[in-house]
Structure formats: C-alpha cells, structure tokens
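Annotated L-serine binding site per Swiss-Prot: 231, 232, 233, 285, 385, in sequence order. Annotation source Swiss-Prot lists ATP binding site at 262, 263, 264, 349, 350, 351, 352.
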C-alpha cells in the first residue's frame, strides 16, 4: 500500500509513476478522500474533548451541590455521545474508503525500470550459456514424458480436470529431486532459513502480500473462507505481520518448498498442452525482510541465488528487467529469469525476483526499529522463485533429451536419484 502522506506531499510524482503503468491520475481523488477523513477525525476529536471537559464539570458542579449545573452538563455529555455514536461509524466508513482506494493502486516503479506497455518492452540484462542444440529435432516435454509412460494427462484430467498432471516412476522422483536440490542450495549455501508453512491462509495474509483484493479471481478459496496459497511468498512474508523487529535481526531470509495453487483465470487458451501452466505445481520460494537501505542490494543477491540453481543444472537462461507494463502489482522492480526450452524453441519464465519496498510492510504493519531510535520504520520485502519446480523439470527434460527419447539426469541431481544417470521407458 502506498503512503498517503507521501501522496499529499508529492501528488505529481504519484500520477507520473502511475502513468508509467498505464493508469489514470489518482492523486487528486486520494487527497480529497484523505482531506474528508482528516476533517471528520478532527470533528470527532473536538467532540471527545468537549465530552471530557463536560464530564469533569459534572463532578465540579456536584462538589458544590449545584444539581442544576450538573444536569446541564450531563445533558451536554449525552448529546455529544449521540453525535459520537454516528460520527465514529462515519469515521470508519471514510477510513475504509481511503484504504480501499489505496489498496487498489499498484506500487511505484523505481526510476531505472524501463518504461513499456507489456513484455515486449522488457530488457535483456544478461545470458548464461547458449541455447542447447541437437543433431535431431528436439521434442517438447509432454511428448517426452508421455513416450516414457511417466507423464499422464488423461488420468489427471479424469481425476481433477484440465491443467493437472500425474507423474510416476523416475519422473516423479526427478521432480522431487529438483525441489530438494533447490531448497538445499538456498538453505545450506545461500543462507536462507527453511520454513514449513501452512498451505491455507486467512484474508489478512493474502491482503498483506498484496494479492487481495485485486487478484481474488486468480486464487482458490475454501468453503470456510481460507485461501489456498498461490505462492509461499504469502505465508513467508506474513511471518512478520504486525511485528516490531530490531534492525540487528535484519535481514531475515526465508525459503520454502510448497505446492502452489492458481486458478489461471486469465489464461484461457494459453499453454493448454503439457505442464507449463498448471492449477497445482511445486515451487521453491525465497523471501527477504530487510531495511530501506539494503533492499536493492538484497534484490541483486536474491536474483543471483536463483540464477545459481540454473547454473548448477547447466541450463541456458537469460535474465530480464521487466518493463513498467509487465511488472507485478506489488513490485518496484522485477528481474525475470527465462530458461531455454529447445522443444518450444524459445525462452520461458522460470523465476521472478522482485523488490517491493515498504508496500507489503505497510499492509502488514510490519516494522523495525533502528538502533538508538524510537521511530519505527516499515520493513522492506522481497520475493523470488528459487525456482518453479515444474518448469525446471520441463527444462531438464527438453535440454537433456537424447535422440532415443531417454533423459540424461544432470550430475547435481544424481545423488538425489540414488545414482540414476538416465531415465528410459
């Protein structure tokens, strides 16, 4: 959530930033809502002061046995109470109106984020390795998996409908191996703390991560009102919800391997074959909670951690800086890592690392105290995929395929596969 005080002081900057995201000016409307709320709050506070004064005068009147004066002040107190009863409800309405308006606005892009309408305006930052080449026509992952008889979309459809996959045998073990390998790298070598989190969360947690109210249609909700997580970012970030941290505790770095659940409401007709875009998939997530001064340094570090996973798997990839038109709602700057898929003949996103500034910290009321200071500051948060396990499985299948349809297992995964070196039918 954006800071209304900052908006009051910098209305032009807000509208300029929103224009980069293709959003109409909002500063005038927000300032008007805030002025109305603050004006009403001032009236409420004035009434409360008058009530307190009148209450004291009741006691003073009774002390000198002036019943008539005491009754007059009692009547004044009752009149003020009636006003406050409705005024408090109106204050709540005005506050909610302002908060709803602020909650609907995305974060402000950093100055060095490239301006653009969509993904076509993203900028390539760097490449790792060159696209894998073959002396045969490479197959896509779904053909490879089905030919191995270890990837079953028909049975998955009977079980759950479209956009689900059943893996079996060595492919199921390979998926598990990838997740364990990624988590081990982040925990034992990159300094993240492993966390096992709930897969069901409350409204407040989804709101704190800035997925509500805007993205409700992209999520699955249970009959009791809880939400299935679309990413472990939601519970990991909310570990500091409503907490006050000491600066000496920061940065906090969390990592988790979880299933993720997405409705893919806006993806009709896209990636309908295979397991590239699923309702349920595994992902390793990284989350950092830090200070304003360290957040951009942490973004570079987090991105390098995600890249390191792909380098160890020897998978060709490129890192992109997302344009203002393609960046996520809560992000101030985002790096996307795209892995090469020979079967498709293109790069596809496998990780996204974002710095959110205090956007989520403000929603969560998560703050920290600098040494020797009484003033509290909202934490800065970052999140990144480290990486999407299913998409990494796709990348391994397509980049390590052989002419006979078998799959060579990357060296770093073989210990997780009990020494298996090749997957065959």
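Cβ coordinates are placed from backbone N, Cα and C, and glycine is handled just like the others.
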Where residue 385 (L-serine binding site) sits in the secondary structure, as DSSP reduces it to three classes: strand
Proximal but sequence-remote residues of the same chain as residue 264 (ATP binding site) (Cβ under 8 Å, at least 6 apart): 163, 218, 277, 278, 279
Additional residues surrounding L-serine, by Cβ distance to the 231, 232, 233, 285, 385 centre under 8 Å: 234, 236, 256, 258, 260, 283, 284, 286, 287, 383, 384
Residue among the binding-site residues 285, 349 whose Cβ has the most other Cβ atoms within 10 Å: 285
For L-serine, whose listed binding residues are 231, 232, 233, 285, 385, the greatest C-alpha pairwise distance in Å: 9
Residue 231 (L-serine binding site): nearby binding-site residues from 263, 349, 350, 351, 352, Cα cut-off 10 Å: none
Nearest-integer angstrom distance between the alpha carbons (Cα) of residue 285 (L-serine binding site) and residue 351 (ATP binding site): 9
Separation of alpha carbons, residue 349 (ATP binding site) and residue 232 (L-serine binding site) (Å): 18
Winner by Cβ contact number (other Cβ atoms within 10 Å) across the binding-site residues 231, 263, 385: 385
Which of 351, 352, all binding-site residues, has a Cβ with the fewest other Cβ atoms inside 10 Å: 352
Farthest-apart CA atoms of 262, 263, 264, 349, 350, 351, 352, residues recorded for ATP, distance in Å: 19
C-alpha spacing of residue 385 (L-serine binding site) relative to residue 263 (ATP binding site), in angstrom: 19
